[in-house]
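Read through the structure below, which is laid out as structure tokens, and then see the notes.
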Amino acid sequence: RCLLKMVKGNIIVPEEILSFCCNGLQGSTSTPRAQEPGEQEEAPGDMASPSPARNPTEVQMSQMVLPCHTNHRGELSTGQLLKWIDTAACLSAERHAGRPCVTASMDDIYFEHTISVGQVVNIKAKVNRAFNSSMEVGIQVSYEDLCSGKHCSICKAYATFVAQDPSCSKVKLKPLTPQTEEEKLEYSIAAERRRMRLAHKDTIKDLLTHSPHDTELETRDGSRAVPAEKTRVESVELVLPPHANHQGNTFGGQIMAWMENVATIAASRLCHAHPTLRAIEMFHFREPSQVGDRLVLKAIVNNAFKNSMEVGVSAEAYGQEMSISPRHINSAFMTFVVLDQEGQPRTLPMVTPEPGDGERRYREASARKKIRLDRKYVVSCKQTEVPLSVPWDQSNKVYLSYNNVSALKTLIAKANWALAREKEKVRMYTLEEDKFLSFRIEMSVGIMASQAFSLLSNLRRRHEWDSHYLSAQLVQRVDDDDMIYHVVSQRLRHENKPQDFVILASRRKPCSKGDPYVVAFRSVTLPTHPPREEFTRGETLCSGFCIWPESEEMSKVAYYNQATPGYLNYVTTNVAGLSSDICATFEACEKFLLKNKDNIISQFQNL
């Protein structure tokens, strides 16, 4: 279905689409085709255009799965896979840093498939972005069946590494310059993922604050409850030279493998079967351990749901003097299932928590399950499979904010925008992908980027320059960077009442020099603001502003919007009217910015 119609070289678009109140979609990145086995590289003298230079931080590792790497089912042990992932990621980090690096954290990992003996594990790792003293490494894991030639994705992970000098002090890292569209996208969104990591502790605190204080034991017909104490596991490991890296510190991957081992034993004690690990919540390495340390690993089933269970696991390190208080090295939460012969999850026994801390862990596990489902719903799933307006609540606010900004950054990073119209200072670009038509409208304005950012982030003033707006009421101030508004816009051409929207506005200042200011919009659902008869409820999934400083007194202001097929009914032949409407709207925006640049109230005061 063609989304664009050309009439005398002009794009036909409705003026309603110019408002931010249009639907959108977070794009997805594409992975370059891997070189096939036996495929020859182009000779330097070939006429074909040369392939892009390989990322200097990229590390590729291929490992044949042997019986010594597997569990009782002949499948690759997750602990072994974690060791390979950590090794590949560390090598990539050290390529960029030029010195030894240590694992600081590993983000949540979701395992999609198991790997059998004889198959090959392919791991690709490369640095996405270097911050001041830490860097994010992206890891892609797939398996390859050498007999059938089949390839399948296993998981995608993000790890944070810190470079260290000989005195174990942190080292300031050199910046990374992305080259390809995919690298630019990962570079941009890495800042948002870092923000989510730093907010992880606060997210957990909110989880505890808003989880119910009374333990509510789940009831399941015909199921006998198992005391959580019966699933407790404790194991001691002596850190030997083979477990350590070239600095004498224990490999992060080795610690993760030991933690996975005791967690699997705890899960097996509940179900009396061999469980399968499905997900790991973020590993965070709080302190290093060295050769000679004794690592005490503890695990217990926190809660068992109908088809899955959560196991909490921790690692503590002792020196040779066991009388000294232990150092907390790491902790994580792992989700297991038990599969039947058809590969379907079995119903699990219930868990009776221990009094006190056991009941607290039981409640936390239920809340974490909700967060995992929210995160998967908001971040991981395909946007075409969910409603545009996602319910907002305290547990998913971090992930909704992340998704809001990363969706806009994904759209910004697209490379194949086509210039469709240019009139005076205003340039209009279009991008056609699948069922979605995207617009970018930009202009240069004589204002500091920070000033434009402050003015355009305040939706309550949007009506001063955008004629499509009637009003915007601040409903909830989530934090300094995220606000929820109830917006009322003008009537659409074929409607007899105005539209209203419940919008999450997320604003981001530059993470480092060269980054733009970003203001992202998406629809959310609030129980306090259901659809009302006097309005037509509208939705937007991806729209917002991106502001680049061109000089101290000049900025490039760009507005992005994605329109779904539902809005194509409003496409008309009013090309001249559209062009004049675009110019009028953005000329009004420029006047608004110039008029108010010296009267900005910072940090949304008096909103």
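Yeah, the Cβs are placed from backbone N, Cα and C, and that goes for glycine too.
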Region 'Disordered' range according to TrEMBL, out of 166-186, 208-228, 355-375, 523-543
208-228
May I ask whether the domain 'START' (417-576) has at least three C-beta pairs under 8 Å with the domain 'HotDog ACOT-type' (229-342), counting pairs 6 or more apart in sequence?
no
In the domain 'HotDog ACOT-type' (229-342), averaged pLDDT is 91
